[in-house]
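As annotated by Swiss-Prot, transmembrane segment applies to 3-23, 41-61, 66-86, 106-128, 143-163, 168-188, with the evidence given as sequence analysis.
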Amino acid sequence: MHYTATVLLAFGMSMDAFAASIGKGATLHKPKFSEALRTGLIFGAVETLTPLIGWGLGILASKFVLEWNHWIAFVLLIFLGGRMIIEGIRGGSDEDETPLRRHSFWLLVTTAIATSLDAMAVGVGLAFLQVNIIATALAIGCATLIMSTLGMMIGRFIGPMLGKRAEILGGVVLIGIGVQILWTHFHG
């Protein structure tokens, strides 16, 4: 695959994580750059691994993976988005749950996995092409690290304007990504 195509693929694959990171950044009270970088590193690491996993699965069982990946992503994103919306509607005081707790490692990993399943599907497709899968996966991971970190910082400025509605908006974004993944699968 040509270098330009790899870069375009990498940034294209990072867009779901970018959108989710904006929502995450908006729900936190002024996240620090270190929190944004942590999010970027988690999203980037997962986004690096999923095309590699997809590539391996593509070699072994491409038909099954391609038939189910969109449903898995859809269910995970609907669940996570619904949870965020419910928490945003319930409200509660900021002391009830610290921003760091709402931004826990496992919640980030789950969100990263849900937004990276399309990269796994791309990895399945790459198994049938002459590509350097390691270089491609690293490019996707680096682009995702950059875009997720940037998304968190953008969310930092949007969050104070939205207040408690930021969590609802973040949930809507995740649900929207899930619907978009399902829509794209059925309507190309």
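The backbone N, Cα and C atoms fix where each Cβ goes, and this holds for glycine too.
For the transmembrane segment (41-61), the partner stretch with the most Cβ pairs below 8 Å, chosen from 3-23, 143-163, 168-188, is 143-163. For the transmembrane segment (143-163), the residues of the chain that approach it from at least six positions outside its boundaries are 7, 10-11, 13-15, 17-31, 33, 35-37, 39-44, 47-48, 116, 169, judged by C-beta separation under 8 angstroms.
Same-chain residues lying 6 or more positions outside the transmembrane segment (66-86) and placing a CB less than 8 Å from one of its CB atoms are 23, 27, 107, 110-111, 113-115, 117-118, 120-121, 124, 167-168, 170-179, 181-182, 184-185.
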